[in-house]
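Visitor: Sharing the record's features from TrEMBL:
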ACT_SITE  GLU1272  active site, proton acceptor
BINDING   CYS44, CYS49, CYS52, CYS74  [2Fe-2S] cluster 1 binding site
BINDING   CYS114, CYS117, CYS149, CYS151  [2Fe-2S] cluster 2 binding site
BINDING   VAL264, VAL265, MET266, GLY267, ASN268, THR269, SER270, VAL271, ASP367, LEU411, ARG429  FAD binding site
BINDING   GLN778, PHE809, ARG923, GLY1090  Mo-molybdopterin binding site
BINDING   PHE925  substrate binding site
DOMAIN    5-92  domain '2Fe-2S ferredoxin-type'
DOMAIN    236-421  domain 'FAD-binding PCMH-type'
Amino acid sequence: MEPGPALLFYVNGRKVTERNVDPEIMLLPYLRKKLQLTGTKYGCGGGGCGACTVMISRYSPTTKKIRHYPANACLIPICSLYGAAVTTVEGIGSTKTRIHPVQERIAKCHGTQCGFCTPGMVMSIYTLLRNHPEPTLDQLTDALGGNLCRCTGYRPIIDACKTFCKSSGCCQSKENGICSLDQGINGLPEYKEENKTSPKLFSEEEFLPLDPTQELIFPPELMIMAENQPQSTRVFRGDRMTWISPVTLKELLEAKFKYPQAPVVMGNTSVGPEVKFKGVFHPVVISPDRIEELSVVNHADNELTLGAGLSLAQVKNILADVVQKLPEEKTQIYRALLKHLGTLAGSQIRNMASLGGHIISRHLDSDLNPLLAVGNCTLNLLSKEGERQIPLNEQFLSKSPSADLKPQEILLSVNIPYSRKWEFVSAFRQAQRHQNALAIVNSGMRVFLGEGDGIIRELSILYGGVGPTTICARNSCQKLIGRLSRPWNEEMLDAACRLVLDEVLLPGSAPGGKVEFKRTLIISFLFKFYLEVSQTLKQMDPVHYPGLADKYESALEDLHARHHWSRIKYQNVDGKQLPQDPIGHPIMHLSGMKHATGEAIYCDDMPAMDRELFLTFVTSSRAHAKIVSIDLSEAFNLPGVVDILTEEHLGCIKSCFFSESETFLATNKVSCVGRLICAVIAESEVQAKRAAKQVKIVYQDLEPLILTIEEAIQHNSFFEPERKLEYGNVDEAFKVVDQILEGEMHVGGQEHFYMETQSMLAVPKGEDREMDVYVSTQFPKYIQDMVASALKLPANKVMCHVRRIGGAFGGKILKTGIMAAVTAFAANKHGCAVRCILERGEDMLITGGRHPYLGKYKVGFMNDGRILALDMEHYNNGGASLDESLLVIEMGLLKLDNAYKFPNLRCRGRACRTNLPSNTAFRGFGFPQAGLITEFCITEVAAKCGLSPEKVRMINMYKEIDQTAYKQEINAKNLVQCWGECLAMSSYSQRKAAVEKFNSENHWKKKGLAIVPLKYPVGICSVAAGQAAALVHIYLDGSVLVTHGGIEMGQGVHTKMIQVVSRELRMPMSNIHLRGTSTETVPNANCSGGSVVADFNGLAIKDACQTLLKRLEPIISKNPRGTWKDWAETAFEESISLSAIGYFRGYEADMNWEKGEGHPFEYFVYGAACSEVEIDCLTGDHKNLRTDIVMDIGRSINPALDIGQIEGAFIQGMGLYTLEELDYSPHGILYTRGPNQYKIPAICDVPTEFHISLLPPSQNSNNLYSSKGLGESGVFLGCSVFFALQDAVSAARQERGLSGPLRLSSPLTPEKIRMACEDRFTKMIPRDEPGSYVPWNVPI
């Protein structure tokens, strides 16, 4: 085969020709580094987050149609793009030329915060609109199923989507002809109030219309190429890999004959992740291009034949069409496949992955293979030797050589038979998240019954996720047919469950863990299948088959799903305000349009510098070990490697944040997996990563290995000091109470999962040893200090610059400083720029996250629910070094009372030293864990007293003026108001009755309802930590430049700061510019976090503006009708300074831990949230039906931004309490290192109804315009979903006669929900004795 032509494709309408292409290069780095199209972002590298979504367009000469589909650029080898057109976010619109309606609407609907995920969101919506200009809301939310956002909570993105739907005003869900907006939930009328209508957060009338005629056309050259395609194979050769692209079936077979071990790659969704994450290497790859025989669709002889090259999205469309046309009894298998294709991966992966690739990969958790196997499908194989058929059965799925493809064979197509009358096929799956998540267990089941007698003639059951391959329960099926000839009844079901459990064995140490849950799902799915078939039999032959009991029918219904709708009620603008004053208006995020067009620049979007190097870290693979030796020789010998830094080069860290001296890099000992050991510097990222893998480290394990809080307590492994807080007389109070209850509550950790991973670029300036550091951080001053310390320079030689960051949530502070210091050291040593960008897996491994918590409580209370005494112990898992663990414990103790007055309270807190990466600051800073423990205690008291939790909450709530446990005065009037309004707005009492009615009528589905109050203290506990400065310049043309010390991380602080300047100087916002944050302009700025960034920096800016106005007052009073240009020029002529520094010294704050009293906080944010959920008791699946939130936010500066913060925090909190689970091995190795293993909330997790209401403005003279900081408080409100789930689980247990204590922990995942809903199936499964096996994971 001679080398073919150059690689030719189009990007954004421009022709791209590559003559010497490396087959290992993916589209994402090619776009970003070679073409400088940085709008497409790196988020995970594995197709799991959607940040790199682009549109691929291909022309088919057979159908004469152009196919547009979304794809993950991180998984697309550029060699596969021959003849394709790629459209990136830059190609559809820009602020310089023309904004596309998708870009405009997502920005103006406030659907961007940090903006890092926005280009991917835009491209997913755009691609759908290219195919469906008037989509349904279902199509839009499905299109976004593969895109993750960590900031917004998705509601404003859904709002933007709705504007493209045919009827955007209505939710499109009309039951009984009544719009659900009028009907309310459960058929109840909605809460009515005076002045209910609030101005909308955006105006649809202003939007640009969607005009399909204005889109980029498909390049005619590519059409001509496709029509006249030369029939010869294209070959691209790189240094290590050869890419062969046959264009005819004959050439494909020849290539496979010549290279039998080469994989056949279509979408690269299986091979790609294996190469990237598992280190698999293929010297030759065969990638067929537009071979018609691989895309065949054929109906013949009672079967459907589908080409192996069809994408899963194409298969879905074909099956949907077939199901419409054929009678139902023939389409059983197709309906089951469609069910799984609706939730399998995201839209991007479904459009890339091929049917053949999915089958041949035989992943143990494949959703389609169990179904295809039970459906008696056959595979049509082809090689140079001829064609043959093999069955797609359990032998094929277990890769048995006798039943597998031969090395030279390819899979040509798949035959899927029609089903017959009396044949039933069903599909089941349960995953951590409803969409875009690999199944924990899935199953395909088929039965063929004798007509009229109901005797089982054929039975086939396969499971995925419960073994190394897809498992078939063949023996069980054979025993249930044949001689036993069992009819389809309860007795058969019981026998089937026992047989299957005996056959499908799952050891206690099975990979993936969740062993008892998986065993339960195996038979729960079987029961669901039994019910589905029974119900259909009743419909087919009501005489012979009795119906199901009414309450059992709920097991067959999908969880309550209606279209999303929301109601936002925010404050009206003060009538006395000047018309041009922007305070209180829902102003769009200033970078919103740039987020949506990809023009917003993040750290790694900065162009490469001359001679730039790349740095990557080598990290420890042991949790507690001595380093015996480090061998760098192999790594040094690799091409492109410039240097490898070890601790010998760097020395110790001197930092105010470390109580003990710590080294930048480990040399003698490691105390966690992920500890930085050395740094490889190379000419490219690929070379640095390859070299890092060749660093050989020999370890000697040390004892003890401490991973959990319980182990830390056992070994007395703590950071000092212990913190205590005491109020009243606890011991005396315990003597007079009616009841005493003791218990404990465990709260798991949480990964920050900011969309932009840790990123830094260090640039030496070339003289005086000056260094510029561009870094994604919340704390530039700390970066400056750490770099100065590493380089042994004064701080004035190091400047740290931050324009914006792609999310942080507390995770870009201390570890960022260490990595930036090492990167800057390398740049200084080699005299050139050095870039360091962590991959998602590295980031999750190295950086730590939210602290796991253990709370032990002893509570004394009266029978009416009044709590008189509370004694608590809090422990957090701090990890290997102190970081901010002690501060987190302190904040947890100060805030644990939440909304309740405990007259006698004692609490102690310890930070545990363990062999995990150090946990750190995370949005809410200890309160989400401490508050949950208190609320759990409240629900336990309620259960003991036989009272409802909301009644016990109300009895113990702060009322009006009171005092906290640390003796700070509190006025809880707004807390009581939020609680009352939330009860009314959510129609709580009516809906509670409706939930109870639903639960009494449904055995296998249960609903739960919970309402939770919030008191969130805001402040930093120190005056010094609250100081802020700002710099305001007025130029002679009347324009203003403002800088301050706050970091823009998505919360919109820069937007609010420009609103402040606009009000103070009484000038339009368009006159004011803000470039970013730098230690060069504002020195010694405090860390951005703690909900106070806008407060502190806004007051500093206000101070600067007032200074300027005072200076200019005489000039303005002389010429009141003048413009700012006139006044600035006059001031200059009169030698009046047009620049001012503003300063805010910080709120008065103090906390004396010795005395246990102080005034640590400036004010309190109050709120309440009510959530309703529905659970499936058989699988643990759940859906959040509705959430109502009422918040007291003082007087909002920008309600669009504030509501965005509330919603985003709520969804993040919901993830913490119900979804996000970190898995560690017994050796302390983190398993969950990316979106494929670690699930954050996706668009499918948003409450179906999501209503937010803000209290009317309240005055608070010390704050910035009486506003309140909202960044963190909403996280805790996510626990309303946790307690609604607990309520639903309790209803299930009560019905089943289970009266024992219900011990739940957070996160309340499907596993925990299912195992708490005990029934005959959970009792049937075998249980392993603790200690008889080594578990796959350890609960941290």
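Placement of Cβ uses the backbone N, Cα and C atoms for every residue, glycine included.
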Visitor: Quick one: Cα separation, CYS52 ([2Fe-2S] cluster 1 binding site) versus CYS117 ([2Fe-2S] cluster 2 binding site), in Å?
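Guide: Given the Cα positions, CYS52 ([2Fe-2S] cluster 1 binding site) is 8 Å from CYS117 ([2Fe-2S] cluster 2 binding site).
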Visitor: Roughly how many Å lie between the Cα atoms of VAL264 (FAD binding site) and ARG923 (Mo-molybdopterin binding site), rounded to a whole value?
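Guide: Answer for this pair: 45 Å between alpha carbons.
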Visitor: What's the most sparsely packed of the binding-site residues CYS44, CYS52, MET266, counting other C-beta atoms within 10 A?
Guide: MET266
Visitor: Quick one: give me the count of other CB atoms within 10 A of the CB of ASP367 (FAD binding site).
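Guide: Total other Cβ atoms inside 10 Å, all chains included: 27.
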Visitor: Enumerate the residues of the same chain, CYS44, CYS49, CYS52, CYS74 excluded, that satisfy the criterion Cβ within 8 A of the mean position of the Cβ atoms of the recorded [2Fe-2S] cluster 1 site; list them in sequence order.
Guide: LEU28, LYS41, TYR42, GLY43, GLY45, GLY46, GLY47, GLY48, GLY50, ALA51, ASN72, ALA73, GLY120, ARG840, PRO1235
Visitor: How big is the Mo-molybdopterin site in terms of the longest C-alpha to C-alpha distance among GLN778, PHE809, ARG923, GLY1090, in angstrom?
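Guide: The span, Cα to Cα at its widest, is 12 Å.
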Visitor: Please report the distance from the Cα of the residue listed as 'substrate binding site' to the Cα of CYS151 ([2Fe-2S] cluster 2 binding site), rounded to the nearest angstrom.
Guide: 17
Visitor: Give the maximum pairwise CA distance in Å, whole number, for the residues VAL264, VAL265, MET266, GLY267, ASN268, THR269, SER270, VAL271, ASP367, LEU411, ARG429 listed as binding FAD.
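Guide: The span, Cα to Cα at its widest, is 28 Å.
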Visitor: For CYS44 ([2Fe-2S] cluster 1 binding site), identify the closest of the binding-site residues CYS149, ASN268, SER270, ASP367, GLN778, judging by Cα separation.
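Guide: Answer for the nearest of the binding-site residues: CYS149.
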Visitor: May I ask which of the binding-site residues ASN268, ASP367, ARG429, PHE809, GLY1090 is closest to CYS151 ([2Fe-2S] cluster 2 binding site) if we compare their C-alpha atoms?
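Guide: The answer is PHE809.
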Visitor: Do me a favour and check the Cα-Cα span between MET266 (FAD binding site) and PHE809 (Mo-molybdopterin binding site); whole Å is fine.
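Guide: Approximately 38 Å lies between the Cα of MET266 (FAD binding site) and that of PHE809 (Mo-molybdopterin binding site).
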Visitor: Provide, as an integer number of angstrom, the distance between the C-alpha atoms of CYS149 ([2Fe-2S] cluster 2 binding site) and CYS49 ([2Fe-2S] cluster 1 binding site).
Guide: 8
Visitor: Using the centroid of the Cβ atoms of GLN778, PHE809, ARG923, GLY1090 as reference, list every other same-chain residue with Cβ within 8 Å of it (recorded Mo-molybdopterin site), in sequence order.
Guide: ALA808, GLY810, GLY811, ALA921, PHE922, PHE925, MET1049, SER1088, GLY1089, GLY1271, GLU1272
Visitor: Could you list the residues of the same chain, at least six apart in sequence, whose Cβ is under 8 A from the Cβ of CYS74 ([2Fe-2S] cluster 1 binding site)?
Guide: MET26, LEU27, LEU28, TYR42, GLY43, CYS44, GLY45, GLY46, GLY47, CYS52
Visitor: Want to know which binding-site residues, from CYS114, CYS117, SER270, ASP367, GLN778, are within 10 Å of CYS49 ([2Fe-2S] cluster 1 binding site) at Cα; which are they?
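Guide: Taking CYS114, CYS117, SER270, ASP367, GLN778 one by one, the ones whose Cα falls within 10 Å of CYS49 ([2Fe-2S] cluster 1 binding site) are CYS117.
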Visitor: Please list, for the domain '2Fe-2S ferredoxin-type' (5-92), how many residues fall into helix, strand and coil according to DSSP.
Guide: 19 helix, 31 strand, 38 coil
Visitor: List the other residues in this chain whose Cβ sits within 8 Å of the Cβ centroid of the [2Fe-2S] cluster 2 site residues CYS114, CYS117, CYS149, CYS151, in sequence order.
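Guide: So the additional residues around the site are THR112, GLN113, GLY115, PHE116, THR118, ARG150, THR152, MET755, GLY806, GLY807, GLY1050.
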Visitor: Nearest to GLN778 (Mo-molybdopterin binding site) by Cα, among CYS114, CYS117, ASN268, ARG429, GLU1272 (recorded positions)?
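Guide: Considering only the listed recorded positions, the nearest one is CYS114.
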Visitor: On the 0 to 100 pLDDT scale, where does the domain '2Fe-2S ferredoxin-type' (5-92) sit on average?
Guide: 96
Visitor: Calculate the distance in Å between the alpha carbons (Cα) of SER270 (FAD binding site) and GLY1090 (Mo-molybdopterin binding site), and round it to a whole number.
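Guide: Taking the Cα atoms only, SER270 (FAD binding site) lies 42 Å from GLY1090 (Mo-molybdopterin binding site).
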Visitor: Rounded to an integer, what is the Cα-Cα distance in Å between ASN268 (FAD binding site) and CYS114 ([2Fe-2S] cluster 2 binding site)?
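Guide: That comes out at 30 Å between the alpha carbons.
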